[in-house]
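> Here it is: the structure, laid out below.
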């Protein structure tokens, strides 16, 4: 019964998201596009954080590489958008393989510090390799051509681009969700709870952590590939370590224990940022207070707390 | 008789200047139950840690079924057929009792590499998990979160997880430690029936002498990292040196327990 109600709510939410361009202003179309992209970014992060128990402070490296990859392919090769996204995923998967290979052998704070260090290195490269990345200005001036697969879309139209983002993020979310529900996903959860027991069951924990890291990295790259045309620029800020903090905040805000938690976190984060910055400049102060409250009182996040309460009380 | 399943040759572990395990030799025959006893600090757990790959031996050689496994990482030793339990509970606390066993089973059967199956619909693994829980008499708890079941049941769950990899050699590290007398009796009976079934080869460390004499075919007595004596339970019971070294320590334990 409860599952049916939740499924119903999810269906209504999806229907609402599809209908947005017909009922909302351009302003909210932009905001929702950002929420979806950052939600995918945060959900990919949660695969390694909430599921596998690895706190990475360098996830923006993959998001940023994805942005740069799409921007570079659009500028130099003018490939269809879908091909750009695949290049973004491939590039970030490759980078995640290298960074992950060197990082997953370490635990806890050492893993966090190493990912932060690699994230800073990637940022420094993007910032200084002017001939390729155009330095601090970033890559701009690219335009989206065709979508690919013979689908005829005017990607420059924000409403159309919103729908494209919605569909791609939905497909990516389903794939990530299936991974979480698989036997592999079960092992990831087991690794978070007790890595030693998993290795005594005959599995190489490092390999599993690395595979999770690469999957998470490639989906962060996909999110980055969607972000560059939306912002019309791929700039070093997307790779900055402060950008790595965003999926951490969103995942904690929404709740790491449920798959959709990071999406809820992304929505709350972006909406609050938009509304609060229109009243006051101290958005970071408000965000800080909210986060402190979440961690002290609602450790399961907004979605996690709400769902746990509802599933418990209304039995 | 057949070849030994495990051969320990001059196994030694030093931590700085301290020798925790010193030149232990042991042959374990298939289907045999061997108990390792000795006071706290005798080196039993260090010995286990080396056999299961958790620690690198300083010297010596460990051979499993003719294959040298000295210094291999835990997951490889587990794959080769050595499964161990721990002195402290080592389970997946946020999963259900049944899922705990499913994790081990999906690792063992190679399902853990599947990215796009649905774990909760893997009926083969689920049935097998329930079988193992039944064998340990805790299938009634299958849907409970593992962290909420009693201490004794957690230890039984661990044994179920240890058996689920169908090991050639099972290492149990103080399976009844911290149990109530009732739980101890239940666990001893269970391990006894598993040993008698002839499906398993057990290496057991244990503090409780009743449990040891009840279960073991042979006993290795360790003291300060060295082999004090090895023999049948009868021989151990009647060995004067063992009585002094071990039973003396037991009296101390009894005093400690009486005045915590």
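Just so it is clear, glycine is given a Cβ too, placed from its N, Cα and C backbone atoms.
Per TrEMBL, transmembrane segment is recorded for A:29-49, A:56-74, A:80-102, A:109-129, A:160-180, A:207-228, A:248-272, A:284-302.
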> Return yes if the transmembrane segment (A:160-180) and the transmembrane segment (A:207-228) have at least 3 CB pairs under 8 Å (sequence gap of 6 or more), otherwise no.
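Yes, the transmembrane segment (A:160-180) contacts the transmembrane segment (A:207-228).
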> Considering pairs 6 or more residues apart, do the transmembrane segment (A:80-102) and the transmembrane segment (A:207-228) have at least three CB pairs under 8 Å?
yes
> Cβ under 8 Å to the transmembrane segment (A:109-129), counting only same-chain residues 6 or more beyond its ends: which ones?
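Distal contacts: 54-61, 64-65, 68, 95, 99, 102-103, 135-136, 236, 239-241, 244.
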